[in-house]
Amino acid sequence: MRVLSGIQPTGRFHLGNYFGAIRQYIALQNNEQAFYFIADLHALTTVRNPADLLGYTHDAALDLLALGLNPEQATLFRQSDVPQVTELTWLLMTVTQMSLLEKCHAYKDKLARGIAADAGLFTYPVLMAADILAYDSNLVPVGLDQVQHLEVTRDLAQRFNHIYQTEVFVLPEAHVIAETAKVPGTDGEKMSKSYGNTIEIFEPEKKLRKKFMAIKTDSTPMEDPKNPETDSVFTLYKLFASLDEQSALADRYRAGGMGYGEAKQALFEKALEYFSVARERRAYLEAHPDEVEAILQAGAAKARAKAQEVLTRARNACGLNR
Ligand code: TYM
């Protein structure tokens with residue numbers, strides 16, 4: 001059983017990335033053949049500064065390893081270290097209908113926000129399909145916003161298999177955890193870099209506190225009862241706290257007499273405690289870039305070997321065999 005997922009190095013990872021995806025990567029690395037990669041080719045559709053891309057990619061590796069990704073169990077690599085995937089992208093592109101890509105929300109949302117689309121942005125889901133299909137992936141842990149791209153992937157795999165009348169590609173399934181599939185940001189909308197509402201996992205302590213304190217709440221006065229179910233502070237608190245802690249805080253919401261400031265402080269303290277080990281590990285990794293690079297190189301070698309096997313199958317099916 002192959003588990004695979006990718007994450008874009010477009011800036012520092014936030015709580016949405018962690019609870020929606022990274023936590024699942026780690027939970028699935030123990031008993032599965034896990035492949036996780038840093039999607040630097042996808043990031044090129046938004047990051048146009050080479051120093052930034054290199055920096056974000058290095059940070060992404062540090063963050064993933066610090067958060068618990070264990071290179072002795074899972075394979076970690078950079079997308080751009082596996083050229084087989086870009087070749088496979090072309091093979092898939094030739095069976096991709098324009099109308100399929102025109103329906104993709106991620107592309108439509110960007111268009112709606114006035115971002116001029118280039119071919120990279122438009123064909124982004126085809127590269128993503130190649131990422132997944134290149135390794136015979138069965139299970140792909142992702143947040144809700146990527147589910148449609150998984151459907152595109154299945155669609156392309158089926159079309160290719162059908163056209164060439166061979167089972168070249170394995171059909172993957174999305175692995176989505178309902179409670180954390182759409183983590184809200186500081187404004188209550190989905191946490192997303194493009195909405196400017198993110199809380200980054202490894203923000204320095206002072207800045208982190210500031211971000212938690214800035215979470216938007218309603219204007220219920222301090223003395224009055226409050227509804228935990230509709231409040232973003234409580235929604236985020238639930239991600240970090242035990243069931244007992246959750247119900248204790250919910251009781252205080254309902255009783256009244258507690259201001260949102262106090263709830264935010266409790267949330268901040270929980271988050272700090274939750275990531276404290278990861279912070280220490282990150283500091284170590286930051287001082288040992290050679291170890292990190294060696295992990296990425298070893299991961300890439302394993303990934304290339306698998307991708308070559310699948311690419312050869314696909315080439316043979318199309319008549320590109322020699
Ligand atoms: P990306 O880099 O935008 O996000 C990485 C992962 O984080 C999840 N996520 C969230 N989950 C819950 N709540 C949120 N607010 C939230 N924000 C982000 C995303 O769903 C994702 O799982 N196209 C992908 C990267 C990619 C990929 C792949 C993923 C490239 N190739 C192959 C899987 C398989 C992306 O842009 O994710």
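Easy rule for this one: first residue shown is 1, then count along the chain.
Note that Cβ sites are derived from N, Cα and C of the backbone, with glycine treated the same way.
On a predicted model such as this, the values are computed, not experimentally measured, just so you know.
Binding of ATP is attributed by TrEMBL to GLN8, PRO9, THR10, GLY16, ASN17, GLY143, LEU144, ASP145, LYS190, MET191, SER192, LYS193, SER194, and within the candidate set VAL126, VAL183 the record adds VAL183 to that site. Using a 10 Å radius centred on the Cβ of LEU144 (ATP binding site) and all shown protein chains, the other Cβ atoms total 16. Between the C-alpha atoms of LYS193 (ATP binding site) and ASP131 (L-tryptophan binding site), the distance comes to 23 Å. Other Cβ atoms within 10 Å of the Cβ of ASP131 (L-tryptophan binding site) number 27 in total over all chains. Reduced to three states, the DSSP call for ASN17 (ATP binding site) is helix.
Comparing GLN8 (ATP binding site) with ASP131 (L-tryptophan binding site), their Cα atoms are 13 Å apart once rounded. Cβ neighbour count for GLN8 (ATP binding site) (all protein chains, 10 Å cutoff from its Cβ): 22.
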